[in-house]
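Asks: Here it is: the structure, laid out below.
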Amino acid sequence: MTSTPTALSIAQDLLRCPSVTPADAGALDVLETLLKGAGFTVHRVTFSEPGTADIDNLYARIGNTSPHLCFAGHTDVVPPGDASAWTHGAFAGDVADGLLYGRGAVDMKGGIACAVAATLDYLAANGGQPKGSISFLITGDEEDVAVNGTVKLLQWAAERGEQFDHCIVGEPSNVETIGDTIKIGRRGSQSGVLIVDGVQGHVAYPHRAANPVPDIAKLITALNDEPLDHGSAQFQPSNLEFTSVDVGNPATNVIPAQARAKFNIRFNDHHTQETLKALVEHRLVAACGNRIRAHIEWLPSNADVFVTKPGAFTDLVGAAIAEVTRRTPELNTGGGTSDARFIAKYCQVVEFGLVGQTMHQIDERTPVSDLDKLTAIYRGVLERYFK
Ligand SMILES: [Zn+2]
């Protein structure tokens, strides 16, 4: 009987491909070879967009029926930074003192390696076929502009009639120890610019001018006065943060014609982008009264709030985690955005991977024992999912 490759050996093969976005450097070939060997139908799909680099993506599936569990992730990585500062080469895949070093070790070639190792092992132990379908949705475009990656790959899959029931994104969700955190959602993000129009004039004749500077200060205070909400069952309160005030006035003796202030809102599931904008504009109108002339220019956003409510799927993943780690993971919705927000439009999705502490840092690394644990957890998920 031939044994299936370990997560460590797969992770090392992936780490040795310097796939800094938009380069692939052979990373998807590593996955294609392994998945084809296990009976997956593998598609390589290249997406283009004027002004951006073409990006290679991979979609692989085994089985034709439901339930359909998808593992999603990205093989691209951020640049290593100062290469000489690394203890072990950023693309060497070295193991030292039980630690696997390399750019992407935790974010997220290590996570993908565990999902592949668990799947190959599961298939080998179950006659080579799942009682349903397993797929891998892997992009090479997550860390940079992310326009030729998951969004387009999901559309491509939907056009082919692919339907996912559940998805696990192997991003490094854990904060300190493997098993401490499953991400079940993320807040949305919406940016805007508050613009106050005044009337330009000489500072010595203020009655002939209208100064937008004190007015924008007043409006900033007013928009921060009342919380947007008090949080929800799964989310912390939404927050609106002003990030700059811009008048651009080089003179001290001229009242400027306009003042602008940039802000960003991180919002929870009390809001949609539309209701959130309406709420902020309503408060702005109230704060302006009849005197102040102000409006908001909203910037485009593709970061909507999403949440997979605790239920059968989160319980199943939690049980697999508890079996391996003896921990009950926290179901968390904190932190920034990820590709899971796009997947959430198609199926229930959670993020669970390695420990995120060293992601994007010099000497990014993971204990090899964490690779073994994560592989065992994914293996337990597959066992329960296709029971
Ligand atoms: Zn990542």
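Here the Cβ of each residue, glycine as well, is placed from N, Cα and C on the backbone.
Worth saying up front: this structure is predicted, and the values here are computed from it rather than measured.
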Asks: According to Swiss-Prot, Asp107, His360 bind Zn(2+) 2; so which of Glu143, Glu330, Glu351, Glu383 is the extra one listed there?
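Replies: Answer, per Swiss-Prot (Zn(2+) 2 site with Asp107, His360), from Glu143, Glu330, Glu351, Glu383: Glu143.
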Asks: His74, Asp107 bind Zn(2+) 1 in Swiss-Prot, but which of Glu32, Glu159, Glu162, Glu171 does that record place at the same site?
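Replies: Swiss-Prot names Glu171 for this Zn(2+) 1 site.
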Asks: What number of additional C-beta atoms lies within 10 angstroms of the C-beta atom of Glu171 (Zn(2+) 1 binding site)?
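Replies: Glu171 (Zn(2+) 1 binding site) is surrounded by 25 other Cβ atoms within 10 Å.
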Asks: Identify all same-chain residues not among Asp107, Glu143, His360 whose C-beta atom falls within 8 angstroms of the centroid of the Zn(2+) 2 site's C-beta atoms; report them in sequence order.
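Replies: Here the non-site neighbours turn out to be Val77, Val78, Gly104, Met108, Met359.
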Asks: Among the recorded positions Glu142, Glu143, point out the residue whose Cβ has the most other Cβ atoms within 10 Å, with all shown protein chains included in the count.
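Replies: Answer by Cβ density within 10 Å: Glu142.
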Asks: Among the recorded positions Asp76, Glu142, Glu143, His360, whose Cα is within 10 A of the Cα of Glu171 (Zn(2+) 1 binding site)?
Replies: none
